[in-house]
Amino acid sequence: MNATIAWITARGLFGRSRFLLLFPLPLILIGMAWLGSSLGHPEEFAFPVLGGIGIATLLPVTALIVGTAVLGSEIDDGTVVHILTKPIPRWKIVLSKLVVAFGVTTITVAVPMLIAGIVTDGWRLGLGLAAASAVGALAYSALFIALSVLTRRPVLVGLLYVMIWEGLLSNAVSGTRVLSIQQYVISLAHKWADTSLINGTVSITVAFIMSAVFTALGFCFATDRLRSFSVAGETS
Amino acid sequence: MTTLDLTGVSRWYGNVVAINDITMSLGPGVTGLLGPNGAGKTTLLHMMAGFLAPSRGEVTLDKEPTWRHPEIYRHLGLVSEREAAHGFLTGWEFVYASAKLHGLADPKGAAKRALELVEMTESQNRRLSTYSKGMRQRTRVAAALVHDPGVLLLDEPFNGMDPRQRLHMMELLHDLGDEGRTVLFSSHILEEVEQVSGTVQVIVAGRLAASGDFRTIRRLMTHRPHVFAIVSSDDRRLAVALMASDSVAGVSLGGEGLVVHAGDYGTFTRELPRIALAQGIRVRRLTPSDESLESVFSYLVAA
């Protein structure tokens, strides 16, 4: 962890207009949760709102915007060279980026999840959702940071993972759920909130171990690729 | 003393060879890396700076390979061609952050010194995005120098600078070289290189075409055929008279006077006035027409 890198990363993140995209979704989530509970059918609204909007949309979209911005946009505009021309172990650079991405994503997602949970069914659900979102934020951030170094189009590849793999395949083919961060978050929320409003499909052990695996692999891949970071000559 | 050594370095992309078997050793002083656009200067610089793996051969900084070895950045500074900088930072923040990232004992003092060196202290509290190209370039040099590296690599540092900024940058590079640093800068403009450094490495189409003192290379080039454009009071009669001279290899008559291919620069320029005087022809204009860098390079490649 390097405070200077984290500071520059955070400044870069909040300085970009892309960051403003983060604000409408939490408001929609809280608004829908409030609407659902005021209509008086929490069991009908809980899963589509908290699961569909909160876990399946707000969390991955926020993590994608933030996760690809912390490193991907620096690679895009070439400013990453300023950080790479320093005698800093590459894992520290990745760790600093991960901490910022995880922190910003967690705050942007966990707080509205907490409120939406409280509005729907009380504190227990709110805290469970917030904690599960934090775990998901870490795994997603590591994944999207790794994608930023592995591919030139991290946003596209990230979107494909979230939309196609998690969104479509995981609902149709049960086997793919083992590799779906969304499913881990649902299972963890189900367990921690101790509620029947949200039902997980993977076991809590799988959810925990796989979240750790995603985080560790993403971190290691990103570090290794950053070590071999090449700048292509513009004239060659 | 810091030296940068390249041993049999090649780099290819698929079937395209960008750098072809280059061996060179860079020591203290300023060296110009000269070559036409697309010759592979940037590719070579990136390999020197550890941002590209050589396909074959090795680049070492004081015996340490530069590839996958971030520790070299304690002794190396890079100013890349791509004008990338965090525009939201002020000049001071940018250089100070570099000093802190290097883990220097006194980052504030180092940043102050570096900014003074490039004379950017006055506008150090403005954001980089408000700087002119030259100011940004100088700030980037300050950031690359903040840890007092033995080797400084600059890719096209004069691009986009006005003449005054250019002069200032040239003086700065000169001073850095005199201090005993190894300074390498790339350029495709002969005059820039000529003014800053005596030592050049000339890259043409990925190969090292010439290496050493600039004046020596220039002198060696006088053996190539020289092309002159001449306008006179009677071009046709002058053409006939010139063909009789041993120093002339060929003459062609065009709409805009004569084009003469001379075998030897010195002999021809001495003979032309004599011939013209004997024929009673007035020479209105004599211009060497192949002094462009491209023709110098093509000569170097052919040699």
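We number each residue from 1, going along the chain as drawn.
Just so you know, glycine gets a Cβ as well, placed from its N, Cα and C.
Residues or ranges marked as transmembrane segment in TrEMBL: A:20-39 (among others).
The transmembrane segment annotation in TrEMBL covers A:45-72 (among others).
Per TrEMBL, the feature transmembrane segment maps to A:93-119 (among others).
Residues or ranges marked as transmembrane segment by TrEMBL: A:125-147 (among others).
Sequence annotations record features per position, and here TrEMBL assigns transmembrane segment to A:159-180 (among others).
What TrEMBL records for A:200-222 (among others) is transmembrane segment.
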Remark   = Long-range Cβ contacts under 8 Å made by the transmembrane segment (A:45-72), restricted to residues 6 or more beyond its ends, are 9, 12-13, 16, 18-19, 21-22, 25-26, 28-29, 32-33, 35-37, 39, 80, 94, 97, 100-101, 104-105, 108-109, 112-113, 116-117, 120-121, 125, 129, 132-133, 136-137, 140-141, 143-145, 147-149, 154-155, 158-159, 162, 166-167, 181-182, 185-186, 189, 197-199, 222
Ask   = Is the number of Cβ-Cβ pairs under 8 Å between the transmembrane segment (A:200-222) and the transmembrane segment (A:20-39) three or more, considering only pairs separated by 6 or more positions?
value = no
Inquiry  = At a C-beta cut-off of under 8 Å, are there same-chain residues at least 6 beyond the transmembrane segment (A:159-180) that contact it? List them, or none.
reply    = 56, 60-61, 64, 143, 201-202, 206, 210
